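Data first, discussion second: the structure below is written as structure tokens.
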Amino acid sequence: MLRKLFFAGALVAGSLGAANAQNAPSWLRYSSISPDGQTIVFTYKGDLFRVPASGGTAIPLTAHEAHDFMPVWSKDGKTIVFASDRYGNFDLFQMPATGGEAQRMTFHSSNEYPYEISPDNKTVYFGSTRLDMASNRQFPTFAQPELYKVALAGGRVQQVLTTPAEEVKLSKDGQVILYQDKKGGENQWRKHHVSSVARDLWRYDTKTGQHTKLTTYAGEDRTPVFANNDKTIYYLSEESGSFNVHRMAADKPGPSTQLTKFTKHPVRFLTAANNGVLCFGFDGDVYTMQPNGTPQKVNIVLATEGRTNNERIVPVAGAGVQDLAVSPNGKEIAFIYRGEVFVSAVEGTATKRITNTPEQERSVSFSPDGKTLLYSSERGKGWKIYQTQMEREGEPYFYASTLLKETALIDNDKENYQPQFSPDGKEVGFVEDRMTLKVYNLKDKKVRTLLTTNELFSMRDNDLYFTWSPDSKWISFEFSEPGYWNGEVGIISADGKGKKINLTESGYQDSEPQWMLNGKMLIWQSTREGMRSQANSGGAQSDVFAMFLTQDAYDKFRLSKEDYALIKEQEEKAAKEKEKDKKKKKEDEALPIDWEGLKTRKARLTLHSSNLADALVSKDGETLYYLARFEKGFNLWSTNLRTKETKMAVTLNANRASMEWDKDLKNIFLLADGRVIKLDPAANKQENVAISGDMNLNVAAERAFMLEHVWRRTQKTFYTAGFHGAKWEELKPDYEKYLPHISNNYEFTELLSELLGELNVSHSGASFSNVPANADATASLGVFYDQNFTGNGLKIDEVLLEGPLQKAGLDVTAGMIIEKIDGETLTPEKDYAQFMNRKAGKNVLLTVFDPKFKKRREITVKPISAGEENALLYKRWVRRNAEEVDRLSNGQLGYVHIPNMSDPSYRTVYEEVMGKYANRKGMVVDSRNNAGGDLVADLAMFLSGKMFLSYTTDNRSVGMEPSFRWNKPSIALANEANYSDGHCFAFSYQDLKLGKLVGMPVPGTCTFAGWESLQDNSIRWGVPPLGVKDVQNRYLENLQTEPDVKVMNEYHLVSKGKDQQLEVAVQELLKEIK
């Protein structure tokens, strides 16, 4: 329910001032000056405040738990329109400028951001990604918004521009629209960016429909505003190296004048009053500037407190549970939740918090005697290894303990994490500085090195893998040979005196080795036998393989069921006789490895390849248990290794899953999407392990750590020295100072994005995922609407093929009018989206009127989600392009589009090129708006085929080699929105001279991503840990690819159905095939 808010300015200011100490705030964002220049509204800690432009005490306008931002003034100064996520996404709200009740204006579940209010104070202009016009030939994507308008009182939303236009401002007569374009996706807060995707300023004439480009700087130009009776344009530009205020004549686009001289930090959020006073943000503060004057900081005092407690109680349970460890006695489990170590009883519901730090802990495990917990913790500006022990005798369990003692085990100037006790409890293996494997001796405190960067490479923290052998003599590990990407499995002596031994040497992906049969067997996962993606760079199914470290173990494995039963009986009888005369052989006694023939003693254990998560073998070596996903989620399967009988043991349908044995190898503990299950496979008995606890969370301290983690991990792992010129050491305190003024994750991720934006690199920034369970979700009918229709209802412009209304018997066509949705009449005073909320997949009654035959009828349909509709829009876009290529080339050329670099995309390309278009003379390969992935090598190979053999008789050819590659001419399309591997493709296509590249310059983003979720897993961030170089030893990051034929799709033409880039590509390729 919408909270009603009412504030009497003086009263509120007085009461808050009496209750709270005044303070000078920072991180004041989205400042907006009133038309009369007297008042400024801004966002602070998720609420809107107003303050005199001359400075003083700020008065709150909103006090809602939602995030309120982007305030826009009406021209009469009476109303504020802003964006708020009160219903799960950002909608438009309006309220009196002096404070009062906020009224919702829009109802669509796509985010909506206000830009401008019309000169007559009746209409609000805003950006959103609802639906393009049917005529628009641009790629359908949620990354590029359309421009809309809606009455200030609310009602039907009308599309103004189907092409992207942001930060819109109107001339006083409403005829001219100033805007910044958006040509592709990138971190909004990236700085010093010079490339084709950088924003430019445009003016749109509403009468002529013409778009005129105003700026020519290759970097960022943003946030235009009119001034001086529409004769002057002020805007923000990075032309000087940092965002500053610039001025240009409105009627003569050309060189600009830089007005401010700020350095180090960018100027943001430019607005202008009618008298020419400018308002903007810089370094967390608000500034004003008189015409021809100098910037003046607005001294603002806030007398308010936060909307929520800084410390809060957080329940411990669910999907956040990770890093499961089972105690040796099998009576308790340790795990990590939101970066803290917890221990729960296996029986009952007792759960105890072990650590209490704002920093994160990871990789928890028990010592072999169960008396110590070992884990890594990112404290004191680096990863360290800690242990916690129970202090009081008579307290056998951590979950029921009272006093605990924590000590630092490995604490130095290195990054140390992923600790593992050796099975004998004498040593600890760990990773140092992300790419070195070391062993620490608990007795003499000495450290020895086993593996270095010659074998190990890390893309993110805690991503290496190693395990101790049961006798503590060996360590198995994943690694890759220098210069090669595929993983191998190796072993190395734990004493540090031997060399690594590559056990797999397969060239396939081999991973996650585990010791089984008390060290006589090593199992791992391999893609050798699995079904593979058609693209070599795509994924592949895996199998569990085993290598037997003794000949005896291998011989027994190969025995038939009957032969093994006989030998087992004889061994059991002999063991009883020996037991009378000597002590039983210790289980952890060193087991010699039979080196001769070792690599031949290998077997595939799984019968069916699948997507694997984990695997274990029973104590007697007779049964394999593995977590596999064949269709939906991961489930636990078992295979009898003698009879090969395979069955599902536990249905989980989990997105993430792992498991481990208890010490006696009797019970398997499963962790599936945060749920823990104890399974006794022999007795076919399973029970849930209850985790029921809570934790006191200091939100501010956690955010301070997360910023420290982001800054330091970037410092340690950024792909190239120099940080692209950013002074990384100096930047940390510059951004830490804002933390006391951050109150929610929208602001925090914006802060992180500003910090990471200093690096001027792709694949960077931070995002916050906040989709409440009851969030709005606007369903779609799969139709284009006539944007010029003003009567009751929605007039259909086109029905999407395969959409909800394109069903047999419905007979819904263009020109018909949807008058009602579930009985609600669609008048111009209503936004139809409010009647489609959360109705995807549900029966909806439509009243449809056919004006041609004057007939009205009711039909029942099931709407689809916005994502499903977008998939149909993409199919339509490709179909239109293919039809146009066919028409323009008179059937001589084929057309394919590559939306991303994935196996499904490759399969579509292969199917179309080698099937539908196999006999065409040339191929138009469209990579525009390619979102990336990993496919460049496959595409380069596929498009570079040269026939070297033909299969033929004197009369007829039946085939050729290569039969799986295109060996005729091709031409490629690319644009500013090609990203990541999409840029790799455009660059490589041109560099390898596979054909001409047509379109617009492609920004240099061919770089590897390094995304990571923080301990608050609603926050995701990243910077590239790995770059890409060409044969000239140049990094492709920030190396723009210029097309051979440069063609822009002009806005006034592409919006009306003309794809100039596609037309030129056809023309160019036709020249080559004649």
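Glycine too: its Cβ is placed from the backbone N, Cα and C atoms.
As written in TrEMBL, here are the features:
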ACT_SITE  His763  active site, charge relay system
ACT_SITE  Ser980  active site, nucleophile
ACT_SITE  Glu1037  active site, charge relay system
DOMAIN    700-757  domain 'Tricorn protease C1'
DOMAIN    802-860  domain 'Tricorn protease PDZ'
DOMAIN    893-1047  domain 'Tail specific protease'
SIGNAL    1-21  signal peptide
SITE      Asp981  site 'Transition state stabilizer'
The residue listed as 'active site, nucleophile' - helix vs strand vs coil (DSSP): coil
Surrounding CB atoms that lie within 10 Å of the CB of Asp981 (site 'Transition state stabilizer'), all protein chains: 30
For the domain 'Tricorn protease C1' (700-757), residues assigned helix / strand / coil by DSSP: 46 helix, 0 strand, 12 coil
Rounded to the nearest Å - Cα separation of Asp981 (site 'Transition state stabilizer') and Glu1037 (active site, charge relay system): 11
Residue pair Glu1037 (active site, charge relay system), the residue listed as 'active site, nucleophile' - Cα distance, angstrom, rounded: 9
Integer Cα-Cα distance in angstrom, Ser980 (active site, nucleophile) to His763 (active site, charge relay system): 8
Residues that sit under 8 angstroms from His763 (active site, charge relay system) by C-beta distance, when 6+ apart in the chain: Ser980, Thr1005, Thr1007, Phe1008, Ala1009, Gly1010, Trp1011, Gly1022, Val1023, Pro1024
DSSP state at Glu1037 (active site, charge relay system), helix/strand/coil: coil
Rounded mean pLDDT for the residues that make up the domain 'Tricorn protease PDZ' (802-860): 97
